[in-house]
Amino acid sequence: MSSMQRIVSKMLMVFFWTLLMTTSSHILLINGDRDLFNEKAQTILERTLNRQQNHNAAKNIILIVGDGMSLATIAAARVLKGQKSGRSGVGEEMLYETFPNVGLARTYATDKYVPDSASTATAFLCGAKTKYEGVGVDDSVRHSDCSSVPGTELRCIGEWALAEGKSVGLVTNMRVTHATPAPLYAHSPDRWWEGGSNSKDKKDHSPCKDIGRQLVEDYPGRNIQVILGGGRESLMPNTTFDPEYPERRGKRPDNRQLIEMWKKHKQLNKFRYKYVWNKKEFDKIDPKKIDYLLGLFEPAHLYDVTDRDEQSKRTDYDEPTLAEMTDKAIRILSRNPNGYFLLVEGGLIDNMHHNGKAVRAVSEALDLENAVKVALERSSREDTLLIVTSDHSQGMNFAGYAPVGQDIFGIAEISNVDKMPYTSLMYSSGPGYKITGKGRENITGINTADKDYVQQATVPRSTATHGGEDVGVYAVGPMAHLFVGVYDQHYIAHAMGYAACIGANKDHCQRGNLYQSTDGAKQVGGWKWWIQLMVAVAVIIAY
């Protein structure tokens, strides 16, 4: 090999390992191959030693939340990722696991060890922990008591961003009034007060505005420039038929047409706006020619990824993916020279966990990676802080001693007590609890990899519960080093505020030349897949 070839080879290696920081590792670990293990470890060590902190102020923040995305869920998604590509699943990495800054967040609510999504979202969006099912309010609120709300309202990161001239966006595959997005704009003593009959109780909460009204009528909800997800029913009267499902109606008992009110507000203020409810209209939108976008693609939650192929056959009413919505949102919000805050929620992970359907839940966790990839490609690591985390854990366990290569949704082994098989993924509680006269259900011959298979559970319950263990926090970009460590979840909001010079933590900022722009070549996500492939092939040839 000539000296020039050696130089080129070394340069390609630098590029190759740089790309590995932003793409999942596809290394197939072979049992007993100590050189391969050593090589991978040395690569990680070198990458860690060369890591530098980015002390730029974050012009933009993208917060991606996998609802219910526990560490066990991530571990299972890793294996699924490899197995979908014909590998064993060992040694795989999720894209965000290559981020240089990783922490753990404690998720408890102030009144429960195991929290719900509203209390946890209030923590990481508003900077204070609160009671179970509280939305954007502090701990002094009384659950489902409207009279206790005044004085408990928290100013949250959406308001912080707007106060500094930034844009705000919201993307979810759940109802846009659901528990995780709600604290971005609403204050409520009960997460279920979304709009009319969504409430689980029979109390009169009319003195309090429901979450749907706060989204459309109040600040900061009406100032959110991009709102994409599901939940038309919370914004439509129960006398109005749904445009997609003629047999269904809205759920509001107050006859308020909140979608029409949203449109009227934008029209009166001479904003360029668009409301869409299907993918066909969504795809027509030019991000350069619109200021406000409201997209509600289902009456309630969107379809999960395992049903997407079937649903997409309904071409007139198809819905965009989480990644597509994320892409559109960033392209609209990034036109603001002051920057933006974008919340992206993959909420169907948790939804499917509650149903005890691990195939659907883990598939959703894997699909979330597509949204992360889009966020990387559409933003710069120099001025955009990207965080991937979860609001809380879930009760799915990844256990047993399945051999490498076994289907992640398959049998782990045969119990040495009752001599019956059990799966690698099971739940601590949920609808999968089944006891026969001979003990637990014998799942021999059952297709446990079917998308609607309900995993076995230890305790009978109509839905599986959340988990109380910590969740991962993965960060890259300006001030991402602030997210290293183990901390209470509400710290995330304070760290984001400090990083972006918004909210209470902005005294350290020097106004004037805060943000540094970079061209596409410096953007970590700017590399196309075919360039990555060419570099990888070149490295192999060089060797």
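Any Cβ shown, glycine's included, is placed from N, Cα and C.
Record check, TrEMBL: Mg(2+) site residues include D67, H178, T180, and the candidate from E310, E319, E324, E345 also listed there is E345. For S117 (active site, phosphoserine intermediate) paired with D67 (Mg(2+) binding site), the C-alpha to C-alpha distance reads 8 Å. S117 (active site, phosphoserine intermediate) carries a helical DSSP state (H, G or I). DSSP assigns H178 (Mg(2+) binding site) to coil, not to a helix or a strand. T180 (Mg(2+) binding site) has its Cα within 10 Å of the Cα of none of the binding-site residues D350, H354, H392, H466. Of all the binding-site residues listed (H178, H354), H178 sits in the most crowded Cβ setting, with the most other Cβ atoms within 10 Å.
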